[in-house]
Ligand SMILES: Cc1cc2nc3c(=O)[nH]c(=O)nc-3n(C[C@H](O)[C@H](O)[C@H](O)COP(=O)(O)O)c2cc1C
Ligand SMILES: Cc1cc2nc3c(=O)[nH]c(=O)nc-3n(C[C@H](O)[C@H](O)[C@H](O)COP(=O)(O)O)c2cc1C
């Protein structure tokens, strides 16, 4: 099968990090983040463009300074379940943290979405970056990296075990014999691990795609290791092709080292294409978006990887402050990267904020031809297997789907019609074999061997 | 306002406790319990009959002997969120346990459903009867009654606090001034209690009905106390009018003693009406349903209040066994009631099983005229404020809606059109005042007083 670019749409309402003013856009209702019709229309727009999936990010910790979308948003799975009955083909990927959910509840809710959508559910496994979240869940402190990622891996394994509670032939529902369930096809899990003990069985059967698709987001060494272990899709951010290629090679090598098929780990960075009539015009729009932002809001947002540290009291023109290990238990990878660049290049606080929040041009900016060519270059150059497109404004999204995608379609890079009605089917991912069925069939010789 | 009967439809797929054979009915698809279209059609059927709400019960613990609907079911809130966009007026009440969920997640998911449905969400607060559930959530034992109900009360209070995180005017979204949120209208909770510490704020605003409606189910002294404290609807089972009236008086008196308006606590027992052309015919159907059941399945089901105790090894014709305090941490109220009756009436195990599982005729059985009159008698006799109707077969439900309800409508007992698009509006329940708004307005004299 020819390799094709996978497409996700990151659905937001009124703008996430660095998008403090999106809500003022005339095409965006002020309450878009809590309006299910807004999400349903965006999902249908992406479905009409044959996207593989919509992607819902998440957070649970806010202060009055949080970005608009964070302040007031729908819980991802509640949202996606409503979208499941408002769409027919597009995948539904929700971000759910393993730090503040129990695996039994995660498995159950995701399996329900998977059945409701006819096999279109996906789970973006995160361990939560915002340390302040802990206080909403009866904890004094956020989990440290080791337990955060330990819980994440164990949670996914438990969910996958629970999702196999029933074999596919568990329900004969034979009216003549009166047999509803075949008890030999129902299995307990009896998991006893470092973080969780879960007996099972889960009270729900498998969907047409077998199990929800596992996505992962988290860039530290521990995060990459988790992605390589369980991720079937990896959500990341890659500012340049070179960095994207390095990340791509690293994840695929890690997955291969774990005995997995690297083609079944799809790297899908988040991107924000800007399409205009000419390259110059697009670059000007991108630049204006980036620089037009209020410095105070950028400064507040800049604090996020450091546990929403408040930088407003610092001297902006003094050398970047010594922050010790601030951020180590929050978004460590990002925090360390910022500190490193500031130190090596001897930047002031203001310069550092500008570098990371506004002064670096984004990729995928230009005329439709330019953007399409750039996407194809990243795709064939193995910088990515797909894109998670962050475009909130409907008409801007339409330029991408109506001008860029046809060029890529013409070149065979993206699909011309859905291959399947399940997310696995469209992503080209295999249906995981039920472990109990596999074990039984391994024990019993199949007729061909007799 | 004239008092009218409230109507809930308990939506099940293939039959709950005591309904082992419902799945063989020709009108019911074998996979109804996991088929969202089935639920959507039933919800629309209830909505067309102007029901106040659909009610989804729940459980998380199964064995191979569990009733068909329990074996394979959708998670209530995932299910209801899909129904929210498939209906327009009917309330959506989901059972969620406070024993195995954290209050922040409960508050968030319910608030999301409330916004998605435009103010139609309800929460049936339960503490979980099945002790075996504990093993799915990393616990050796189920919580004892005191902590179970302590957690339940504290969870509801925390959720209600979180639901008031934003005052109704918190989001000016004023493009001219660039003000999205008014930080003085966002509030932390800073709850520190016996079971939970929750800082807040919750990252979601209030719906048109202010907060989800709180239902409660649990009949012990502790359960009734909880219902009287926080219940706006009470889900119960009442086999006779006399028992219903005693329960009704008890709950209303407890609520009044807590300073609440007893009219804002609606008693809604679960009932299974059987409607036929004549009373005799209906009684015959009800009798056949009840007695037609397989004794072994009844015996398995009988074990439920005793923590799914296995009674199959006992001598059926010996006196009811001494079970010690079996069931004390499971469904204690029901278990103790069974033991008491068996002891006082010196029943054998078989007689006890028959008494509780099959030999007691149900109320609300007869011709449409008889059933309507009986409902009116219970309603005007203050045995109930509403009904939670358990009818799974669509044509049987249609007999109830098309033959019984018109008689009650004619007599002014049930509505002729929806009064509102919110669940509170239809149930006649007040919108809870935001506590922060109330506190502020109490401090600041209103213009009229100046
Ligand atoms: C591209 C990307 C997207 C992420 N999205 C979310 C999210 O929506 N919600 C969340 O709680 N964490 C999210 N995370 C955070 C991770 O779960 C992780 O906790 C955080 O990045 C810190 O870990 P790390 O150092 O391994 O990256 C995301 C991380 C990345 C890299
Ligand atoms: C009418 C009724 C319906 C109930 N429905 C549920 C349910 O759907 N799920 C659940 O976990 N518990 C349910 N419960 C159980 C209660 O939450 C409670 O844990 C159990 O009844 C034992 O407590 P009690 O002795 O106070 O009744 C229900 C109880 C009653 C009385």
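Residue numbers in this text run from 1 along the chain shown.
Placed from the backbone N, Cα and C atoms, the Cβ positions cover glycine too.
Because TrEMBL annotations are produced automatically, they should be read as predictions rather than curated entries.
TrEMBL lists A:95, A:149, A:220 as binding FMN, and of A:52, A:58, A:261, A:277 the one it places in that same site is A:58. Of all the binding-site residues listed here (A:95, A:220), the one with the fewest other CB atoms within 10 A of its own CB is A:220. Across all of the domain 'Luciferase-like' (A:24-379), the predicted model scores a mean pLDDT of 95. Within the same chain, the residues at least 6 positions away from residue A:58 (FMN binding site) whose Cβ sits under 8 Å from its Cβ are A:73, A:75, A:76, A:94, A:95, A:96, A:97, A:126, listed in sequence order. DSSP classifies residue A:95 (FMN binding site) as strand under the three-state reduction.
The Cβ neighbour count for residue A:149 (FMN binding site), using a 10 Å radius and every protein chain shown, is 22. In the three-state DSSP assignment, the secondary structure recorded for residue A:220 (FMN binding site) is coil.
In this entry, A:58, A:95, A:149, A:220 make up the residues listed for FMN, with the farthest two CA atoms of the set 19 Å from each other.
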